[in-house]
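**Q** Just passing along the structure, written as structure tokens.
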Amino acid sequence: MIEDIKGYKPHTEEKIGKVNAIKDAEVRLGLIFDALYDEFWEALDNCEDCEFAKNYAESLDQLTIAKTKLKEASMWACRAVFQPEEKY
């Protein structure tokens, strides 16, 4: 058993392993998003066609949203495993 953290139910090695797996998956997917973002940004920078530029700009916005949602999804999954005790 791991030393307790205030506001959370007791942690176990199993719970820590699950949360580490969640965080590893988050990092891997985040790196894919970053690579796509760089690819689309470069394409936008070199684009002379306004319609294609609009599409690349939209893709950049979508990837920004995806990255934000990825962080949120990871946070909720970690909370599900660690089960915080809300006392307010």
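Every residue, even glycine, has its Cβ placed from backbone N, Cα and C.
Bear in mind that the values here come from a model prediction, so they are computed numbers and not experimental data.
Copied straight from Swiss-Prot:
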type	residues	note
BINDING	TYR8, LYS9, HIS11, LYS23, ARG79, PHE82	3',3'-cGAMP binding site
**Q** Quiz question: given the binding-site residues LYS9, HIS11, LYS23, ARG79, which has the greatest number of C-beta atoms lying within 10 angstroms of its own C-beta?
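**A** Compared across LYS9, HIS11, LYS23, ARG79, the most Cβ atoms within 10 Å surround HIS11.
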**Q** Using a Cβ-Cβ cut-off under 8 angstroms and a sequence gap of six or more, which residues of the chain neighbour TYR8 (3',3'-cGAMP binding site)?
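**A** In sequence order, the residues whose Cβ lies under 8 Å from that of TYR8 (3',3'-cGAMP binding site) (at least 6 apart) are PHE82, GLN83, PRO84, GLU85.
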**Q** What's the longest C-alpha separation between any two of TYR8, LYS9, HIS11, LYS23, ARG79, PHE82, the listed 3',3'-cGAMP-binding residues, in angstrom?
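**A** Taking every pair of listed residues, the largest Cα separation comes to 19 Å.
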**Q** Around PHE82 (3',3'-cGAMP binding site), how many other CB atoms lie within 10 A of its CB?
**A** 17
